[in-house]
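Annotation source Swiss-Prot lists region 'Disordered' at 1-91. Per Swiss-Prot, compositional bias 'Acidic residues' is recorded for 1-10, 42-62. As annotated by Swiss-Prot, compositional bias 'Low complexity' applies to 18-34. Per Swiss-Prot, the feature domain 'PI3K/PI4K catalytic' maps to 118-449. As annotated by Swiss-Prot, region 'G-loop' applies to 124-130. Marked as ATP binding site by Swiss-Prot on the basis of similarity to another entry: S131, K146, Q255, L256, F257, V258, R269, K270, D342. Under the heading region 'Important for interaction with membranes', Swiss-Prot lists 159-172, 262-270, 355-364, citing similarity to another entry as support. Under the heading region 'Catalytic loop', Swiss-Prot lists 299-307. Taken from Swiss-Prot, the feature region 'Activation loop' covers 340-360, and the record attributes it to sequence analysis.
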Amino acid sequence: MESGSEEPDEQLLLLSEPALHAGPPAGRAAPGGAVRLRGEPGLEEEEEGEEDSGPEGDGEEEPLLRASGRGRRAGAARDKEPRVGAGHTGHAIDMNTFLDDPEFAEIITRAEQVIECGVLPERISQGSSGSYFVKDCKGKTIGVFKPKSEEPYGHLNPKWTKYFHKICCPCCFGRGCLVPNQGYLSEAGAYLVDDKLGLGVVPKTKVVWLVSETFNYSAIDRAKSRGKKYALEKVPKVAKKFNRIGLPPKVGSFQLFVEGYKEADYWLRKFETDPLPENTRKEFQSQFERLVILDYVIRNTDRGNDNWLVRYEKQDDGLNLSDKDIQWTVTEESTIKIAAIDNGLAFPFKHPDEWRAYPFHWAWLSQAQVPFSQETRDLVLPRISDMNFVQDLCEDLHELFKTDKGFDKATFENQMSVMRGQILNLTQALKDGKSPIQLVQMPRVIVERSSTGSQGRIVHLSNAFTQTFHSRKPFFSSW
């Protein structure tokens, strides 16, 4: 195992004062989550306490590149954890209000209504955590809900895989670079980053509260629910004093379901025997580059070729489509689209430097050897080369992550230091015309904000950032 032990030669660079501008419209919801409406005091969902860990890093330090003078919007609506009003039957309608996205709000409202009508979410058999297909009144899947308490290391995870992992192999339990039990925020944060960068590869994902009999609750919660419902029937006057009737709502990520997609592994094998037309190949390469940028910026530690999806609508060229194994859609013009799902193991507070490197599995594909296209560079480079844009992105993530009751500001700053370092590397790679494989081989960097720097969306004169090369490598490293 390699370890950097040199004392860093640190230099700070004061960034120029950018121009101010007007703030956002009033009533803007916190990005990636619902506006929390406070009701009568009541019971909240019981969650397992989370451990906060500090960062590790060593190596040489250099001053960060200069910032541009453009400013971004300031401020966002602050939200609080919800409480269920007295006499509440257990549904979460009052908790899910999305002022900036009425279309998504309507989808969640319909989901809550059909659950109350008896169309319950269905647990997904795959995976190592409790996740659920949420359906509409016709039984059609409209979204995937992943409760915080049922994440791989959550105390109510209904699957035993991680429990045996913890008991039989505690030394390798969990990922030492990630904040435990924060996957639902990582899912919503990945969509936030995707939306800010204009990538369009992550299905819309936000934090919501839902309640259903099919979710995994403790025996105590279920017993309380039965007792309160019985009291409501027998002694209504007493039951009216209860803070909540029914099971407690669960907080988690809700991702809109995408139709017509299959695992990337399936299509990659198909493309080996049936190559794509040139125009479609270029479109696929462009989509692939957007996936690369997303994963690299959020430092996804769990990206295999089985958890990103491809939808291929093949042009009608007169072929015999009787082969049931070829499940593509026939259109007048071929189109291809990538969907990046399963983003719950991202936003580490340090670069992986213990046992495993958690590589990006797309790095071994032939598409990763092609330099980033001019289209991708024109889309992303103007945004990430502006430090005010990067700071605004960090503030949006802060608004999202702080809604978790286990939020720790110091740990969050470490997460942002890693992300800023990834963005710095990406900026240089796009300027130099590098390929995705060359990008992941660049030295790992963290960019820390000085303790005297002010919090806010605009980089002020008082802000100073330090660039540090992280030289310590994992025991099992791919590059």
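For all residues, glycine too, the Cβ spot is worked out from N, Cα and C.
For Q255 (ATP binding site), applying a Cβ distance below 8 Å and a minimum sequence separation of six or more within one chain yields G143, V144, K146, E187, Y191, P203, K204, T205, I341.
Under DSSP, residues within the region 'Catalytic loop' (299-307) fall into helix, strand and coil as 0 helix, 0 strand, 9 coil. D342 (ATP binding site) falls outside any helix or strand according to DSSP and counts as coil. Through the fold, the region 'G-loop' (124-130) approaches residues 144, 146-147, 150-152, 154, 156-159, 161-162, 183, 215-216 of its own chain, all at least 6 residues removed from its boundaries and within a Cβ separation under 8 Å. Of all Cβ atoms in the shown protein chains, 23 besides its own fall within 10 Å of the Cβ of D342 (ATP binding site). Sequence-distant neighbours of F257 (ATP binding site): residues of the same chain at least 6 apart with a C-beta under 8 Å from its C-beta are F133, T141, I142, G143, V144, P203.
Non-local contacts of R269 (ATP binding site) by the CB criterion (under 8 A, 6+ apart in sequence, same chain) are absent. Sequence-distant neighbours of S131 (ATP binding site) (same chain, 6+ residues apart, CB-CB distance under 8 A): R123, I124, V144, F145, K146, E150. Spanning the listed ATP site, residues S131, K146, Q255, L256, F257, V258, R269, K270, D342 have a farthest Cα to Cα distance of 31 Å.
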